[in-house]
Amino acid sequence: MRLWRCSVFVAALLPFLWWAWQVAAGRAGPEPGQYLLLNFGQCALILLLLTLSLTPLMKLTRWKGFALIRRQLGLWTFTYGVLHLTSYLLFILGLDFSTLGEDLQRRPYIIVGFAALLMLLALAVTSNRYSMKRLGKRWKFLHRLVYIALGLVLLHFFWVVRADMAQWSGYALAGAVLMLLRIPAISRALGRIVPRRGGTRRASRAS
Amino acid sequence: MLIKTRKRHQIGENEVTSESVYHARRHFMAGVAGLGMAAVLPRSVWAASEYDNVEQGSRPDWFASRLDNTHWKAVTAGENDKLTPFNDATHYNNFFEFGTSKDDPYKHAGAMTTEPWTIEVDGEVGKPGTLDMNQLLGEQQLEERIYRLRCVEAWSMVIPWLGVPLSAILKRAEPTSDAKYVRFQTLMRPEEMPGQRSRFGLIDWPYQEGLRMDEAMHPLTLLSVGMYGRILPNQNGAPVRLVVPWKYGFKSIKSIVRISLVKEQPPTAWPTINANEYGFYSNVNPDVDHPRWSQARERRLPNSLFSPNMIDTQMFNGYGDEVASLYKGMDLRKYF
């Protein structure tokens, strides 16, 4: 299981290293800042969807490995989100904070993206055992913010699309399916698809 | 039937020059220039050596025959306008027929067939017709014009175009007094253009653009057939595109197949999708923001990570002296 967690760690780090290498090698085009911005943002969305797919996957397969990497993937989502914001501040605005102020007042997609990242920040800082204990029942409630964050991220992306919805539609569909799987009735049904080990034996004895 | 077309970036074997021959040629050229004999060389050879790292594309007759008689540097850009490297100008493009990523046009445009090519000229004209490239250009001398190109996404480049004033072409078609606007149309060929096949695309193909008659007749408005001393690469709008330097890049429609003179303002691609964000005029204007991108400044490409190369955007992209009079008395916030 340790090996599993380590390989997930490496797999999540690899995209960052690859894009950094592309930039260093001069293969990121005439606007390397924009290249990183787009890739980091898209990576954060994919990681968010992957994180949200772990619980349904666990229900379906009953493999504990999925639960083991949930916090890690959540933190990676936040990390790529921060990299996305940092590239925007450094490479697009050139640290011109007056423009950021204007953007935050006027541009809905920036406001929405910023709000989503703030939510992910709240989840990231409370992702430790101490916070779980401190917050008790409220922890679970707080961490449902991730659903709202997903909605905001998709909206953020939606407002950036210029002429073709294909890619966005793919992500939105994946997000919608993951949300549907959380409806209690569907979630319970998901758990019944693969029979519980030992459960079948008990059933046969009863008959 | 299998139509096999060579990708634009795959040069034919006969076009490959070995490095040693290339350097020897440069050496020879330097020597010739030193002897003061440069004038003896055909101008087309001079043109090819003028820009660094430019792939020499194919040279159809209609283009090659005009190169020797080209007016080089007929228009130059400002002192601080450093030419964008050819490689960047050809690998970072918006041409939504080939995809929405900046590198999609380079990857996919090689599949577009550009030879032969015809352009339909119709509408409110005395001489409508279907013209091939030779007929379109007629007796017109090619001019090289170095223009700033400002994209509405707030990046910009500086590109040496080769072309002819649009006004010359329009005049030959003999517009009637009813011709108030010009409508342009891009090639519609889904089998060669993956963007047109997308089921989630928002653009109503074929891509259309338009100009008011006085804008179209303005001496700065160029019908371009080449850049960097060679023909247009496919991703840059081969074989013939519009260049309107005081407007956002999307007004400079690519790979034109039809030019119609019309009475009414034509419905153009972007305002049709979203009239709040894009206007018919789309003049570069630092005072009127696009809802998503501030237009006050721009990133001049190429830039690097820690030097975004931000510069202030100029009214009418710096061509105000020439074009501001076209919009006299108009509220540019309303007619943006």
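Note that Cβ sites are derived from N, Cα and C of the backbone, with glycine treated the same way.
Annotations in TrEMBL come from automatic prediction, not curation.
Given the structure is predicted, the values throughout are model-derived calculations rather than measurements.
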*Check TrEMBL: it lists B:CYS151, B:THR186, B:ASN236, B:ARG241, B:SER252, B:ILE253, B:LYS254 as binding Mo-molybdopterin. Then name which of B:ASN93, B:ASN285, B:ASN303, B:ASN309 it lists for that same site.*
B:ASN93
*For B:ASN236 (Mo-molybdopterin binding site), which DSSP three-state class applies?*
helix
_Cβ neighbours within 10 Å, counted over all protein chains: which one of the binding-site residues B:ARG241, B:LYS254 has the most?_
B:LYS254
*Per DSSP, B:ARG241 (Mo-molybdopterin binding site) is which: helix, strand or coil?*
strand
_With Cβ-Cβ distance below 8 Å and at least 6 positions apart along the chain, what are the contacts of B:ASN236 (Mo-molybdopterin binding site)? List them in sequence order._
B:ALA89, B:THR90, B:ASN93, B:PHE95, B:MET227, B:LYS254
_Between all pairs in B:ASN93, B:CYS151, B:THR186, B:ASN236, B:ARG241, B:SER252, B:ILE253, B:LYS254 (listed as Mo-molybdopterin binders), what's the biggest Cα distance, rounded to the nearest Å?_
19
*Number of Cβ atoms other than its own within 10 Å, given for B:ILE253 (Mo-molybdopterin binding site)*: 25
_Within the predicted model, mean pLDDT of the domain 'Oxidoreductase molybdopterin-binding' (B:113-270)_ = 97
